[in-house]
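Q: First, the structure itself, so that you have it in front of you.
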Amino acid sequence: MTKKEIAKFIDHTFLKSNATHADIKKLCDEALKYSFASVCVNPYYVKVCKEYLKDSPVKVATVVGFPLGATSMKTKIFEAKEAFEDGADEIDMVINIGALLEGNVDYVYEEIKNIVDIARGYKNKIVKVIIETSELSDQQKIEACKIVMDAGADFVKTSTGFSKSGAKYEDILLMRKVVGDKIKIKASGGIRTYEDALEMIEAGASRIGTSSGVAIVSED
């Protein structure tokens with residue numbers, strides 16, 4: 001797979017707390033230059049990105065319940081509605097990890113389903129669900145993937161990039177085994193090189209979340 005082909009898999013990401021308008025403009029310019037799938041930014045910058053990227057195929061993604069997943073369901077619902085109204089094409093939401101660990105699968109399902117239902121009220125909106133694989137056992141990863149599928153989301157995503165570790169090849173293989181072709185997988189966290197990205201794609205990822213997109217597609 002060429003670097004130009006890999007670029008189509010990349011969500012070009014800048015989720016740092018110190019992001020400025022200049023940083024976001026640069027992010028968008030890079031996404032346009034390299035034809036990345038999307039830019040992924042904090043909600044404050046959704047409108048800005050939508051304006052920068054108008055009339056381009058680059059999508060605008062943002063986050064909900066990020067990075068801990070521990071905000072209330074009502075808060076996540078509000079964040080999702082606001083994001084879509086501001087022009088977001090895609091949402092990366094974090095599940096309530098504690099609820100999953102306690103076995104409260106109904107709550108986790110309901111939370112995701114609410115966001116999915118909001119997305120379906122618009123045209124061509126995507127919901128990706130972050131399960132934070134570094135916090136889960138293999139059995140919990142399997143359970144989380146099944147909940148995400150049942151709730152009707154478009155993607156299950158490995159990581160926020162803010163936890164103990166990010167995407168692992170073995171996790172992508174496991175997740176692909178569970179979800180098959182029913183939903184897609186996004187790998188994120190610690191993907192910094194062309195080799196890292198290619199490994200995740202070969203394992204079954206359809207999208208790569210990284211702040212190293214330019215380095216990945218520009219390596220000699």
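Cβ coordinates are placed from backbone N, Cα and C, and glycine is handled just like the others.
Note that the structure is predicted; figures quoted are calculated from it, not measured.
Annotated active site, proton donor/acceptor per Swiss-Prot: Asp92, Lys186, in sequence order, evidence recorded as sequence analysis. As annotated by Swiss-Prot, active site, schiff-base intermediate with acetaldehyde applies to Lys157, with the evidence given as sequence analysis.
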Q: For Asp92 (active site, proton donor/acceptor), what is the secondary structure by DSSP, using just helix, strand and coil?
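A: Strand, per DSSP.
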Q: Quick one: Cα separation, Lys186 (active site, proton donor/acceptor) versus Lys157 (active site, schiff-base intermediate with acetaldehyde), in Å?
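A: Lys157 (active site, schiff-base intermediate with acetaldehyde) has its Cα 4 Å from the Cα of Lys186 (active site, proton donor/acceptor).
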Q: Report the same-chain neighbours of Asp92 (active site, proton donor/acceptor): residues 6+ apart in sequence with Cβ closer than 8 Å to its Cβ, ordered by sequence.
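A: Set apart from Asp92 (active site, proton donor/acceptor) by at least 6 residues yet with Cβ under 8 Å, we have Cys40, Ala61, Thr62, Val63, Val64, Phe66, Lys128, Val129, Ile130, Lys157, Lys186, Gly209.
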Q: Should the residue listed as 'active site, schiff-base intermediate with acetaldehyde' be counted as helix, strand, or coil on the basis of DSSP?
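A: DSSP call for the residue listed as 'active site, schiff-base intermediate with acetaldehyde': strand.
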